[in-house]
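Chemist: I have a structure I would like to understand better, so I am pasting it below and will then ask my questions one at a time.
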Amino acid sequence: MSSIEEIDTDETFTSDYVSARKDEVDDIITATTIAQKKMENSILEKLNSTENGNIIEKKKILNFLMNGIEKIPMSHQGLDSSKVWISFWILNGMDMLDSLDSYPNISSRASKYLSILQNDDNNGNNNNRENNQNGGGFGGGNSHTSHVVSTFAAVSALYVIGTEESYKTIDREAMYKFLMRMKTKEGAFTSEDGGEYDSRTTYCAIAVASMLNILTAELERGVVDFLLSCQTYEGGFGAYPFNEAHGGYTFCSVAALSILNSLHKIDMNSLHRWITYRQSNDGGFEGRTNKLVDTCYSYWQGAVYIIIQSYFNYYKKQQQDDGDGKEGDQQEEGLLFNQAKLQEYVIRFCQQSDKKYSGFSDHPHRGKDYYHTCYGLSGISLSQYNEIGKAIQSLNTFTNTFEQPSPPINKKSTNVFTISNNNNNNNNKNNNSDDNNNNSNNNNNNSENQLVEPVHPIYNIKLSKCEKGFEIDLFLFQKEFKDASVSLGTLFFYAKFILK
């Protein structure tokens, strides 16, 4: 008899949804329902625990991230090709805690390390190896060939560092050649020479091009049609046409279409319906229908909510303007998901702390890691600022005004997750009014301490770093273009953008 058949199906289900349909699901036991049941039990344990797990352990999280700068745990040996991603997760996590400079010389050291991962065009000095005829881009680790996804991680990490040294690290001309070489006839981008292509690799290529101001018509050609073909009957997007809708690929498709000013071409009502059902009673987001929630989807799904809400708000305002000729009302509205419940899932259920370190795991009672710590903080950030994406602007680069994306942050959310001192029990019912007022003030102070830095929903980089990066990148472009010593080939390269 299999382990699945041995399970006692008369055992009480803790989920309200499942309990209401117990007769329907008792005969359909799968690995997912078993895992879901275990996770719900873990959440109940956390809810009944008296341990202090209701706040973001910022100092301990910072210790955990900084510890990864010098040495990576033995368990990470299999991630050698993801060194560039580990760098981004650590740097971005520290930056969201507004503590990037807490580690001595981290900006300079990180910039120099990331420069080693860059492959120059035509056998340049970086990563010089035999038959390296096709340079440009970044590899995932030392001496690795260039990969579009690794390139996105490297460029993002250099943006997070935010110094002139980090911006100058990137060879934009070689990068453009690399991206063009990855372009497919379907309008997508392959991961590497001879590699696969999907909506993920396509987003990474488009995001890199937009961040480096090298997004041209020839790079954009066919991309919108390919991404739109990835939307499924469910409403979300798959890796490529006729795949199952998936939270990560949905983010990649929606974010790339936002960069390309094509959100209006999406079946938005279908997408809205699909993503609305992705938040569970636990507060977390699941990546696919009938799958477990996962901390990383706090960003992947949370960002999609914000992007499409920006779309709805924009057209709502347009309709108001067209109706009465006056500027549309700026109503203060919450986001399309339960912000406080999402923060509760990440902070209370998935934060794993010991005496020295803290971080986030994918599920309750699992080990913390850099990946989920980074995206857990990103999801918390997105849920703490109601207007973070209210005015996502056109991301076309090199217009007459050189406008770049920088969604405004006008107010903090009122839905910052806090737990009262009585920990949801009735022991303090007899507190006098003065005590209650003090508790209220303490909760307000705790709310301020629980805020993390706001990140851009499309790039997952702190907004101030996004704005600074686009401004400095534009300055470097203009400076290089005006330099009399620039090569003829480089002049032809930059002419693509001047004549766009």
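In case you wondered, yes, glycine gets a Cβ from its N, Cα and C as well.
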Chemist: Considering the Zn(2+) binding residues Asp294, Cys296 given in Swiss-Prot, which of His144, His147, His365, His372 is annotated for that site as well?
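Modeler: Of the residues offered, the record points to His372.
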Chemist: Quick check: with Asp294, Cys296, His372 left out, which same-chain residues have Cβ atoms within 8 Å of the centroid of the Zn(2+) site Cβ atoms?
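Modeler: For the Zn(2+) site the neighbour list reads Thr295, Tyr297, Ser298, Phe360, Ser361, Asp362, Tyr371, Tyr375, Gly376.
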Chemist: Looking only at C-alpha atoms, tell me how far Asn290 ((2E,6E)-farnesyl diphosphate binding site) is from Cys296 (Zn(2+) binding site), rounded to the nearest Å.
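Modeler: Cα-Cα distance, Asn290 ((2E,6E)-farnesyl diphosphate binding site) to Cys296 (Zn(2+) binding site): 17 Å.
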Chemist: Sort the recorded positions Trp85, Asp294, His372 by C-alpha distance from Arg288 ((2E,6E)-farnesyl diphosphate binding site) and give me just the closest.
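Modeler: When the Cα distances are compared, Asp294 comes out closest.
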Chemist: Mind computing the max CA-CA distance among His246, Gly247, Gly248, Tyr249, Arg288, Thr289, Asn290, Lys291, Tyr297, Ser298, Tyr299, Trp300, which the record assigns to (2E,6E)-farnesyl diphosphate binding, rounded to whole Å?
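Modeler: Overall maximum Cα spacing for these binding residues reaches 19 Å.
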Chemist: Work out how many Å separate Trp85 (site 'Important for selectivity against geranylgeranyl diphosphate') and His246 ((2E,6E)-farnesyl diphosphate binding site) at their Cα atoms, rounded off.
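Modeler: Computed Cα spacing between Trp85 (site 'Important for selectivity against geranylgeranyl diphosphate') and His246 ((2E,6E)-farnesyl diphosphate binding site) is 21 Å.
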Chemist: Cα distance, His246 ((2E,6E)-farnesyl diphosphate binding site) to His372 (Zn(2+) binding site), nearest Å?
Modeler: 18
Chemist: With DSSP, how much of the repeat 'PFTB 5' (343-384) is helix, how much strand and how much coil, in residues?
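Modeler: For the repeat 'PFTB 5' (343-384), the helix, strand and coil counts are 21 helix, 6 strand, 15 coil.
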